[in-house]
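Lifted from TrEMBL, the feature list:
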type	residues	note
COMPBIAS	155-166	compositional bias 'Basic and acidic residues'
DOMAIN	9-111	domain 'RWD'
REGION	131-170	region 'Disordered'
């Protein structure tokens, strides 16, 4: 099988496996993100895997540069990437995206054992949450009126008389045909 056929088969498998999973996100047909851990978990992290042209014969590109990972130190990121690269070398030549995501989920605690959240991001989020109540009332969404096209307006005008009222019998049903 060619690399493209392998990629198509793996893409179809990933879509069926992760259908409805909030942690999985398909950025493009060759790029995927998976969140390891729950949303509020301080030890949660995001892995992005992008396939190369000749994947699975060549290793995919694994990245942890997502904004979600800003609280993780670069040393912890590098250790996670190194362990994932070891798993890539073991599985080279086979479809491995699912395997890598599951490997990361199974070893999450081991990956994050040296993790200490960076506090600079936390203080920024606290500042934002303090200021949010003051700006919330002014940002109320106003219901927009549906904009009609010229043709729609003309049809509406043709249905009504010059006063804007519908003609007598407009909703009558034609019983006899």
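Backbone N, Cα and C define each Cβ position, glycine as well.
Long-range neighbours of the compositional bias 'Basic and acidic residues' (155-166) within the same chain, counting only residues 6 or more positions beyond its ends whose Cβ lies under 8 Å from a Cβ of the stretch, are 148.
Each residue of the compositional bias 'Basic and acidic residues' (155-166) gets a DSSP state, and the totals for helix, strand and coil are 5 helix, 0 strand, 7 coil. Per-class residue totals from DSSP over the domain 'RWD' (9-111), listed helix then strand then coil: 43 helix, 20 strand, 40 coil. The average per-residue pLDDT of the prediction over the domain 'RWD' (9-111) is 84, rounded to a whole number.
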